[in-house]
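If you check Swiss-Prot, you get these features:
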TOPO_DOM  1-20  topological domain 'Cytoplasmic'
TRANSMEM  21-41  transmembrane segment
TOPO_DOM  42-70  topological domain 'Extracellular'
TRANSMEM  71-91  transmembrane segment
TOPO_DOM  92-98  topological domain 'Cytoplasmic'
TRANSMEM  99-119  transmembrane segment
TOPO_DOM  120-130  topological domain 'Extracellular'
TRANSMEM  131-151  transmembrane segment
TOPO_DOM  152-162  topological domain 'Cytoplasmic'
TRANSMEM  163-183  transmembrane segment
TOPO_DOM  184-210  topological domain 'Extracellular'
TRANSMEM  211-231  transmembrane segment
TOPO_DOM  232-294  topological domain 'Cytoplasmic'
TRANSMEM  295-315  transmembrane segment
TOPO_DOM  316-346  topological domain 'Extracellular'
TRANSMEM  347-367  transmembrane segment
TRANSMEM  370-390  transmembrane segment
TOPO_DOM  391-414  topological domain 'Extracellular'
CARBOHYD  ASN406  N-linked glycosylation site
TRANSMEM  415-435  transmembrane segment
TOPO_DOM  436-457  topological domain 'Cytoplasmic'
TRANSMEM  458-478  transmembrane segment
TOPO_DOM  479-490  topological domain 'Extracellular'
TRANSMEM  491-511  transmembrane segment
TOPO_DOM  512-557  topological domain 'Cytoplasmic'
REGION    519-557  region 'Disordered'
COMPBIAS  543-557  compositional bias 'Polar residues'
Amino acid sequence: MATSHGVLRSLDNAKTQSYHYLAIVIAGMGFFTDAYDLFCITAVTKLIGRLYYSDPTNHSPGILPTNVNNAITGVALCGTLAGQLFFGWLGDKLGRKKVYGITLTTMVGFALLSGLSFGSTPKTVVTSLCFFRFWLGFGIGGDYPLSAVIMSEYANQKTRGSFIAAVFAMQGVGILVAGGVAMFVSKLFLLYFPAPDFETDAVLSTQPEGDFVWRIVLMFGAVPAALTYYWRMKMPETARYTALVEGDHKKAVEDMAKVLDRNILSEESNTRIAIRPLESHSYGLFSSEFLNRHGLHLLGTTSTWFLLDIAFYSLQLTQKDIYPTSGLVYKASKMNAIEEVFQLSRAMFAVALIATVPGYWCTVFLIEKIGRFRIQLIGFLVMSVCMWFLGHNYRSFRGEESACKNGSKYSFCNGNPVMFAILFGLTLFFANFGPNSTTFIVPAELFPARLRSTCHGISAAAGKSGAIVGAFGVQSYIGNSHDKSKGTKQAIMALAVVNLLGFFFTFLVPETQGRSLEEISGEEKDFQGNNADEEISGERNGTRNASVDKSPETSMV
């Protein structure tokens with residue numbers, strides 16, 4: 001029987017097998033749902049505003065009040081933060097597998113309920129929607145640490161970064177599909193329920209059938225994740241958790257034998273090292289030992305993720321406001337309610353296809369060649385430069401309202417929407433081929449097995465607190481500015497400074513490329529020291545540790 005050290009070596013040295021790809025799909029579908037549910041709301045908030053907050057005395061389409069808009073877009077992020085902390089801790093206490101199914105069930109259930117938000121008044125509809133989206137976010141939050149840690153503990157040493165990045169890249173696919181589904185559903189409804197634009201007829205421009213559009217869009221995200229529920233439940237516990245945390249080395253071997261090539265396990269089983277992790281490194285999260293070993297690491301992962309998400313979510317959640325002013329979408333009064341969803345989602349889809357998704361997959365293919373550290377540094381730096389130019393030249397890129405002729409479909413004219421789109425696209429590309437991916441990957445590698453999920457959850461929660469700053473703080477600042485153009489310019493330039501801070505905080509995070517998880521976390525030294533002490537003790541007593549003396553074929557811990 002292979003020892004637990006042999007199992008860990010087997011995992012690190014295993015060739016890429018079909019099960020690795022299956023694990024990517026299973027974990028990745030959770031992230032597909034995560035991204036879809038968090039970002040599809042951007043495509044439909046303006047529709048909800050037209051449906052529930054229209055004012056007949058106002059000569060412009062209905063919009064969500066700033067506080068309501070912030071609540072709808074930000075409440076899921078609050079739930080996500082809570083879920084990351086809770087399920088991250090629970091994943092270390094109960095095991096990755098036991099908790100994994102709970103997060104998926106929560107996501108699927110509350111994604112469906114979000115589309116069934118009920119009430120006869122705007123207040124009750126929005127309240128029920130926010131309630132369901134908070135708990136949707138709670139489930140999404142649990143998927144962050146669990147998916148990252150499961151993939152890192154299953155993966156081999158050579159391609160671990162690419163595998164974790166591939167799981168996270170499904171976030172990009174989720175953003176793309178969110179735009180695609182909203183575009184398809186709105187186009188379908190436009191064909192069957194045409195209506196004049198707002199300027200032609202303010203009342204008829206808001207089709208009552210639009211109430212089905214936003215509900216269908218919100219509910220669709222549950223479908224792909226639900227299809228993977230069976231396989232998620234069939235996944236065995238990771239060998240690293242079973243061996244290093246539970247101390248059940250025999251079961252770790254049996255579990256991995258089910259999913260990995262048995263020949264690989266037998267080839268690696270001739271090690272004679274038996275590890276006793278619970279005795280050799282029992283320091284806790286709040287101990288001075290953890291602070292000495294990993295305090296700066298945790299500061300680095302939390303600070304960089306926090307700073308990144310301020311900028312990333314500010315851009316993603318304000319797309320609905322940025323696109324019309326940049327000339328990528330018609331002004332609201334020149335569209336009916338469902339057409340506005342189509343225009344916004346088409347812009348979202350195009351930007352995701354050209355900039356967002358390629359950034360994720362560049363990380364997948366290049367992370368093991370360039371390394372996490374360099375990708376994160378380059379990403380933060382390019383984001384900072386692009387956003388500085390975008391903010392500094394915002395008015396010239398946007399154009400002027402006075403330059404538009406009567407009957408123009410655009411809010412601003414004589415700007416430079418092409419240059420705006422290029423800089424905006426580059427920012428998103430280098431966010432994803434940069435810190436948005438690496439801040440997810442590195443916390444799943446840096447910390448010891450029994451604290452790995454907790455520390456990833458803490459890092460991710462720090463990121464979501466940054467996202468909340470973006471969703472509530474940045475959006476409120478722009479929304480409450482007397483001169484929205486000036487407010488947007490100042491906000492974008494401030495985000496450039498935030499990215500620059502992320503660049504410098506990256507130096508707190510070490511490179512993890514090309515090393516085993518046990519070497520990175522320091523567990524390997526603990527194992528070696530523990531076994532050396534046991535061997536010396538055995539020699540003093542005239543005997544040697546049984547797990548060292550026995551032949552590999554009969555050694556069992």
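Note that Cβ sites are derived from N, Cα and C of the backbone, with glycine treated the same way.
Helix, strand and coil counts from DSSP across the topological domain 'Extracellular' (316-346) read 23 helix, 0 strand, 8 coil. Counting Cβ pairs under 8 Å to the transmembrane segment (131-151), the stretch among 21-41, 71-91, 295-315 with the most such contacts is 71-91. The C-beta environment of ASN406 (N-linked glycosylation site), restricted to residues of the same chain at least 6 apart in sequence and closer than 8 Å, is empty.
Beyond the transmembrane segment (370-390), the same-chain residues lying 6 or more positions past its ends with a Cβ under 8 Å from any Cβ of the stretch are 161, 304, 308, 311, 363, 397, 420, 423-424, 426-427, 430-431, 433-439, 441-442, 492-493, 495-497, 499-500, 502-503, 506, 509-513. Here the transmembrane segment (21-41) has Cβ contacts under 8 Å with residues 72-73, 76-77, 80, 103-104, 107-108, 111, 114, 133, 136-137, 140, 143-144, 147, 150-151, 154, 163, 166-175, 177-178, 181-182, 217-218, 220-222, 224-225, 227-228, 231-232, 235, 316-317, 348 of the same chain, all six or more residues outside its ends. In summary, the transmembrane segment (211-231) does not lie against the transmembrane segment (295-315): fewer than three C-beta pairs, each 6 or more positions apart in sequence, are under 8 Å. Through the fold, the transmembrane segment (415-435) approaches residues 172, 304-305, 308, 311-312, 315, 322, 326-328, 351, 354-360, 362-363, 366, 375-376, 378-380, 382-383, 386-387, 389-390, 393, 396-400, 502, 506 of its own chain, all at least 6 residues removed from its boundaries and within a Cβ separation under 8 Å.
Note on the topological domain 'Extracellular' (391-414): residues 324-327, 330-331, 334, 420, 423, 485, 488-496 of its chain, located 6 or more positions outside it, place their CB under 8 angstroms from a CB of the stretch. Within the same chain, residues 84-89, 91-92, 96, 141, 144-146, 148-149, 151-153, 160-161, 164-165, 168-169, 240-241, 244-245, 277, 281, 285, 290, 294, 297-298, 301, 304-305, 308, 312, 359-360, 363, 367, 372, 375-376, 379, 463, 509-510, 512, 517, 520-523 sit at least 6 positions outside the topological domain 'Cytoplasmic' (436-457) and bring their C-beta atoms closer than 8 Å to a C-beta of that stretch.
Beyond the topological domain 'Cytoplasmic' (92-98), the same-chain residues lying 6 or more positions past its ends with a Cβ under 8 Å from any Cβ of the stretch are 146, 149-150, 153, 235-238, 241-242, 245-246, 450-454. Long-range neighbours of the topological domain 'Extracellular' (316-346) within the same chain, counting only residues 6 or more positions beyond its ends whose Cβ lies under 8 Å from a Cβ of the stretch, are 39, 42-47, 50-51, 60-61, 73-74, 175, 178-180, 182-183, 186-187, 189-190, 193, 195-199, 204-207, 209-210, 213-214, 397-399, 408-413, 415, 417, 420-421, 424, 470-471, 474-475, 478, 485, 488.
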